[in-house]
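Working notes for the structure below.
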């Protein structure tokens with residue numbers, strides 16, 4: 001699947017839909033993520049908060065959904081939020097994406113969008129130029 005506006009729009013729709021399922025009773029900060037794999041499948045995730053202030057981020061939940069279905073080769077991820085400018089992945093989520101980037105020896109496209117239609121595109125290598133390299137066994 002190429003990085004066309006039509007394909008990005010599919011990711012926006014999926015990420016927006018799943019953002020509405022976010023469990024964010026403490027911050028009311030809802031985020032959805034749509035992860036596109038090299039095979040063309042889309043996996044989604046939303047953020048889930050807990051009273052101990054440890055949260056599962058939307059990106060991590062999307063990665064988990066893909067991995068549990070045998071998908072580890074990621075093309076791009078779109079993150080949908082309700083803030084301006086659109087939220088970027090945190091450092092921890094960047095590192096998790098970086099590990100799969102290294103596994104497949106390719107950069108991952110990061111697209112951030114908000115409910116106002118603001119959109120930015122990055123390569124993971126722009127947001128995390130030197131992540132922790134996974135140890136090979």
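Positions of Cβ are set from backbone N, Cα and C atoms, glycine also.
Computed from a predicted structure; not experimentally measured.
Among the features that TrEMBL reports, active site, proton donor is placed at 59. According to TrEMBL, the substrate binding site annotation covers 47, 48, 49, 50, 51, 52, 53. What TrEMBL records for 90, 93 is Zn(2+) binding site. Residues or ranges marked as domain 'CMP/dCMP-type deaminase' by TrEMBL: 6-135.
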Which of 49, 52, 59, the listed recorded positions, has fewest other Cβ atoms within 10 Å: 52
Other same-chain residues whose Cβ falls within 8 Å of the Cβ centroid of 47, 48, 49, 50, 51, 52, 53, the recorded substrate site, in sequence order: 23, 26, 54, 55, 56
Residue among the binding-site residues 50, 53 whose Cβ has the most other Cβ atoms within 10 Å: 50
For residue 51 (substrate binding site), the three-state class that DSSP assigns: coil
Among 48, 90, 93, the most crowded of the binding-site residues [Cβ within 10 Å]: 93
